[in-house]
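Undergrad: A single structure is presented below for examination.
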Amino acid sequence: MANPVPSACCVVLAAVVVVYAQRHSQQDSHIQYERVGADVTMKCGSMDWDAAVTWTANGTDIDDSHLNGSYLILKNVDLTQSGQYSCYEGSSWHLKYQTYLRVGVPPKEPVLMCRSNNYPKGFYCSWHLPSPTYIPNSFNISVIHGTREMVCEKDIFPKNRCHIRYLQLFSTVKYKVTLTVTNALGKNSTTLTFDEFAIVKPDPPESVVAKPVPNNPRRLEVSWQNPSSWPDPESFPLKFFLRYRPLILDQWQHVELSDGTSHTITDAYAGKEYIIQVAAKDNDIGTWSDWSVAVHATPWTEEPKHLTTEVQITETTSTSTSSFMPPPTTKICDKGAGVGSGAVAVCWTAGLVLAAYGVLFI
């Protein structure tokens, strides 16, 4: 006879699967987008208006004051009310409806910028929104040169950027770039029109170094390198703009250099720390780069020497002389030491004492 236990287990398991399938077939789960400040009404799936239901938000029961029959009413929603909302039937707690509420705003006009930092290879365009929407956005960009639509290859990083390769150099035909941003609550767009030469802007110079010039207290030697992104400095040379100032002042001094990647500052204040930056630009077209990373340097200063003053010499001589003077000799009687009979008496007394000692030793 077959064991009835496995058969019973199979029946129970089948029943669980059927109930699970029924519950999920009865529920409607999706994402619902609403604007900040809107009034939101949620219906509990196919349940009647007067059905007994329970609503939860992120697993927490919602007070009945927000219900109109079986409908959930949310007034003037804000960002904090985003989350998962679920509706259950009566006391059985059968899930009848589930939605994820996303509260946000439609996009404002995007900020679009196009620039060529590797001329003549091509240019790139980057964009961002002036303020967050709090919900997902999608961006679409189109680039048209004359009657030709060009491909803008999206960069992996940063994600809101793409680059375009020049198909024709020195063209007088303008480029037209249109960016459209869309989300579940609306869309917006912006357009740029420009000449090829107008967007040329190199990256800042690299490896800027400033150091003092030996034996020159008013000079600083500054050197730098072309930006590594500039592909052909021989055919498309750069010129440079140097600015510098001592930290004690706010006013910059400037020098424009048409060639070379070094310069000697000759009017620095001796002993004062300087801050120095360099910018770059194509010799003929485009605009100046941003400033390089600031470097600091101080002009050469002479090592202080030990100077001995005349007073120090006198004191040293006096001290040395006194240290080698013989100790004073005590005299029994000095002719000029005493004044009057008192002094004479002292001398005679001392003489008699010495004479007495002499007699004893004879």
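Cβ atoms here come from the backbone N, Cα and C positions, even for glycine.
Bear in mind that the values here come from a model prediction, so they are computed numbers and not experimental data.
Per Swiss-Prot, the features are:
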- CYS44-CYS87: disulfide bond (DISULFID)
- 23-103: domain 'Ig-like C2-type' (DOMAIN)
- 106-203: domain 'Fibronectin type-III 1' (DOMAIN)
- 204-304: domain 'Fibronectin type-III 2' (DOMAIN)
- 288-292: motif 'WSXWS motif' (MOTIF)
Undergrad: Go through the chain and flag residues at least 6 beyond the ends of the motif 'WSXWS motif' (288-292) whose CB is under 8 A from any CB in it; none is fine as an answer.
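TA: Apart from its flanks, the motif 'WSXWS motif' (288-292) reaches 201-206, 208, 224, 227, 241, 243, 277-281.
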Undergrad: With Cβ-Cβ distance below 8 Å and at least 6 positions apart along the chain, what are the contacts of CYS44 (disulfide bond)? List them in sequence order.
TA: ALA51, VAL53, TRP55, SER70, TYR71, LEU72, CYS87, GLU89, LYS96, TYR97
Undergrad: Could you please provide the mean pLDDT value for the domain 'Ig-like C2-type' (23-103)?
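TA: Overall, the domain 'Ig-like C2-type' (23-103) comes to a mean pLDDT of 90.
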Undergrad: Looking only at Cβ atoms, how many others are within 10 Å of the one on CYS87 (disulfide bond)?
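TA: If we count other Cβ atoms within 10 Å of CYS87 (disulfide bond), we arrive at 26.
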Undergrad: What is the number of residues in the domain 'Fibronectin type-III 2' (204-304) that are helix, strand and coil, as DSSP sees it?
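TA: Secondary-structure breakdown of the domain 'Fibronectin type-III 2' (204-304): 0 helix, 48 strand, 53 coil.
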